[in-house]
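K.L.:
Copied straight from Swiss-Prot:
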type	residues	note
DOMAIN	52-180	domain 'Thioredoxin'
MOD_RES	188	phosphoserine
MOD_RES	221	phosphoserine
MOD_RES	223	phosphoserine
């Protein structure tokens, strides 16, 4: 009896919340419709022109990004290319990888998807064997590592999978959320709610540049499949 009463009470509370939300949405729509009804022809024309201008600017921005190599996940051949690519784009994600590290291939699959979804960000990959100077300069020790570059400066790193739930089975949405936390792409979800369920266990402490140390020239792998 008590269990049924609790369920009924919860259902009523949920129903009331849904009704209140629906009412607020309807009121907002009514308000917007009323504003449009009160506009004269000149005001409607100005509104139309404003929206067309916004669409035009958005299309121009998209074409500019595409011309700079956004919209695809590309490999760059050398350290010199890394610096040149960073100069051209405001937001860059670069995957420092090694062919023999299995987890790098996992990241590749997710980065291909995100590169097509987030045109505002450039997605690159660079073989650590071809970038010894850069890896030392950025203090990259664990493979894979994502370097997150904004306005030509390295702002943050995603080292291994510790920020992604410590699992090889993390979703593209989890990586998207993590990159959104560093403002390296436009994240539309709630940054306070990580997509992976094990948030409490692993926490949300991210690896920062100042926490890195150089311990020799050999790279450590975050994967057991070396």
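In case you wondered, yes, glycine gets a Cβ from its N, Cα and C as well.
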K.L.:
Please give me the CB contact count at 10 A for residue 188 (phosphoserine), counting all chains in the structure.
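P.N.:
Other Cβ atoms found within 10 Å: 7.
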K.L.:
Would you mind pulling the DSSP three-state label for residue 188 (phosphoserine)?
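P.N.:
Looking at the DSSP assignment, residue 188 (phosphoserine) belongs to neither helix nor strand, so coil.
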